[in-house]
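Notes for the one structure printed next.
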Amino acid sequence: MKIGIIGAMEPEVAHLIAAMTNATSQTIAGIEFIAGTLAGKDVVVTRSGIGKVAASIATTLLIEKYAPDAVINTGSAGGFVDTLAIGDIVISSEVRHHDVDVTAFGYEIGQMAQQPAAFIPAAHLVEAANKAIAQLGEVKAIEGLICTGDSFICDPVRTQAMLKNFPTMAACEMEGAAIAQVCHQFGVPFVVIRSLSDNANNDSPVDFDSYIVKAGYHSALMVMLLLEQLNPSAVK
């Protein structure tokens, strides 16, 4: 079993890379891919860069060059659930674009043309993540809708507009749906795991800078615990 792991920023992958053994590095199109062993599994970890285009490029290269059995997207997100605190975790129950609108042609809000409205993570990856939750200590984790767009959300007016379109949204970020869409195209199982760095409000820019390292660590810890729970035979 080989698992691809994608984070957008250095703090989101640093703890994973530091914990790897037998690591080798290859750079393609300016993106570094680090292959090795983590939590007893063969993995390839990459820092994609921020946003949907960067994430799509990295995911496509990862799948084409390394043929992973599954892809995990790790990192930070803005929170939309009152019961979660900064540092807590959202495991994707589904992933959607929040900044796509082709409703004029009969699609749902957030649904890209000729794509599903929601990208559904692999059941065996979500199951492994839920088993890992018990080992998180004081960090809380839930399953929920994660939405993606090419904007850092810190405007309460925009937040309310997003919640009107996606009332069950638990977190928003800038890469997950793009990664999920590429995985869907290639038929590769995926899951998105995000730790909250802010609460998508006026304080978000300050909170993000203050808590990105904490969020990156918690999300990386969740990924490593998930890897330990994965059954090597549970692929595709």
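Placed from the backbone N, Cα and C atoms, the Cβ positions cover glycine too.
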Per Swiss-Prot, member of Gly40, Gly49, Gly78 binding substrate alongside Ile153, Met174, Glu175: Gly78
For Gly78 (substrate binding site): DSSP state (helix, strand, coil): strand
For substrate: widest Cα to Cα gap among Gly78, Ile153, Met174, Glu175 in Å: 13
Check: same-chain CB within 8 A of substrate site center, minus Gly78, Ile153, Met174, Glu175: Ala77, Thr148, Gly149, Ser151, Phe152, Cys172, Glu173
